């Protein structure tokens, strides 16, 4: 930066922390700076009085006087920068060169090339024995914008210096203890300051094993980070599912395996044959209590209680994990599309071209939006509103219609058992419900997105509305699906009542009913079918189009964009199935994880061969947050019917851990039956809707709490703004004061003028 | 010279490892990449200074619209890059480098005129590099710059200082992922 002369009034110049700093760093330390600091300090104090009511937290160190010099600056975030922007020795008279000054200067070292940093460091005002600044710089030297040569020089000198000191100290303090180490001693000693004593000095080579890191990097190189965010989201879901699955396994399945009862003899083969009888499903779990004697105490493990509690805890945990991962901070769309717009990991020419095009399109779109925003006429607004209300109503109607359709088909499927079972109708009957749900998943969302065109949302809002609506649709159809399978449960109950007219009667005449297994089977069916259908559809659509594009005229048929939004929605759908099925099939999340691994590789290969990057930049960070938010809401929406099912429906009498209970949560209540009275009361209270409702409210509250966290960021911005403006005022005053001083006007007078 | 193992002494590698965000293995890999830019020159003298035209042959830089700026920022002499400069660059763009370090260098990359402030003209430069020349018309460009300033320029001085830049970046968690090279 070109420095104007020392005494020129630099009023036109902008003053912020950095320009001030660079100005300071150009000068040799200590010279001539103390004077200006004096004046500045005076004004800083005056301004404190003036700026009453404006909180400028960063300046507290300035007010605290010279004592603050021992504070260790960190390099994190804007706040830290500003703390050091106002050196803590601000108020002193003849100011020494403090550690903070040095560290700040180091942080912007690229502005003062040619400095001998070791000498700078040595000239810092410190206690003769106090080497903490040396150690600190040594530990952080790689953070400073120095060239490698300068870094090496500084580092070696510092290490040399410290090695001297520390060898002396070792000898005096540790004496024999250290020497007794023997041969390895020498080497240790040489490296002592850098390696052994300050282990934090050596770079923490955290071996972060990043699963599929290279695959995701490859995707990022070709498509950019926004597509990579899809793969990261998928990977997150896989990890989540494996984690939840392992929890379920270790607290539910493992005890059962240890007990040796892998199958319940009463449970019948279901839709999946013998597989339905295994511990993959609800039915195989026993209602026994394991006990064993060890260490003189009888250890008991109640399987039903474990089943209930694990499911509840795992579900809650999933919700908490997802909500915690969601970051609701606001964003600056313009700045982030430009300043964070480029993806440095792209290496292909094609990728660059597309990225550049995408950024251009997005920026143009944003500009157009900006210009039209003000132009919408009043009656247009009314018309627009009407269309949107109509669209939303239609959307709701579609939701209700689909749920109803699923419900009706499910009902009829119960009656259709009397039909002649030839191969086809048998197949249809078996898969009826899941086929219907999958087919509707294919057909309805495109209709919804098509109709969205007429509602004239702004492009970016439109993507969000689209995702939200389709996610709503998925949840609704799945709820319809689940509730209709619940009707099987009612059916079961009636069978138990009059056990004459139903086919499912064991030879000895007792009714057999295991509706949980049936629901589990249906959900698994849906999971499998969904995998097959989505792979098939993507192969046909994307692969087919790629083939056409390759062999036909390329101008007519182009390669398909990578459909991030749609694929993410598929994942949300998949995950909803896990939320719904975990209770009926403890192993479902593990199976879905396997499913998702297949999907990962399938999508990976297919997208690298048959897709081109999306034409719009749908920013990864924001959309990633939005996806997590959709996931959290859908989990929440799935939770309610699950809670209803578990709390209100009678567990089947023929299988599962709750076969002797009227309600599943009775296991909890029974268990507490042996507990003290106050606990009993508590649990009875816990199991009432009067308690469940507040719990839900709390969850909503948690979401809202995190939502408001976005406010913190805005507050930070406000503080920073105030601070910068305030500082500029101080700077201006300082300049004027100095200018006037040189003309012989006293600073006090200037103060009055300002 | 046998394997690349023997190019550096153990101590040199130790020092490089301490001063970068790379492991020894990565440092040797970086050297290999450096060598591949001009095998003959580097073979003869590992401290050789390669001209910018050689450096920008690297795949990451070749397609990067900011390649000249990046070279300028990381070159200690201003007219080329030695291995140590190159290592510095790879370290900053590595996965291990923390956000504050990356932000620091990003600021310098976008500060075209080197006045330690990002001004209107710097922003215009950035946008033109991103979109390609003359993709946005004058009105759009002005509007865009105005909007960016409105968002990011907290003290209304019509330039972005480092603190303001850092603040904007802090809202973009994606930044760390996009400001990196593949090793």
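Glycine is treated like the rest: Cβ placed from N, Cα and C.
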Using TrEMBL as the reference, determine which range in A:471-489, A:490-508, A:509-527 is annotated transmembrane segment. A:471-489
Choose the correct range: of A:385-410, A:541-566, A:723-748, which one does TrEMBL annotate as transmembrane segment? Give that range. A:385-410
TrEMBL lists transmembrane segment for one of the ranges A:663-684, A:685-706; which is that range? A:685-706
With TrEMBL as the source, which of A:1-34, A:35-68 is set down as region 'Disordered'? A:1-34
Pick from A:187-209, A:210-232, A:233-255, A:256-278: which stretch is listed in TrEMBL under transmembrane segment? A:233-255
Please identify the stretch among A:430-451, A:471-489, A:583-606 with the greatest number of Cβ pairs below 8 Å relative to the transmembrane segment (A:385-410). A:471-489
Quick one: DSSP breakdown of the domain 'TMC' (A:514-621) into helix, strand and coil? 80 helix, 4 strand, 24 coil
Cβ pairs under 8 Å between the transmembrane segment (A:471-489) and the transmembrane segment (A:626-647), at least three: yes
Checking distant contacts: for the transmembrane segment (A:583-606), what same-chain residues at least six beyond its ends satisfy Cβ-Cβ under 8 A? 212, 215, 219, 230-231, 234-235, 237-238, 241-242, 244-246, 248-249, 252-253, 279-282, 285, 307, 311, 516-517, 519-520, 523-524, 527-528, 531, 534-535, 538-539, 542-543, 567, 571, 574-575, 577, 642, 645-646
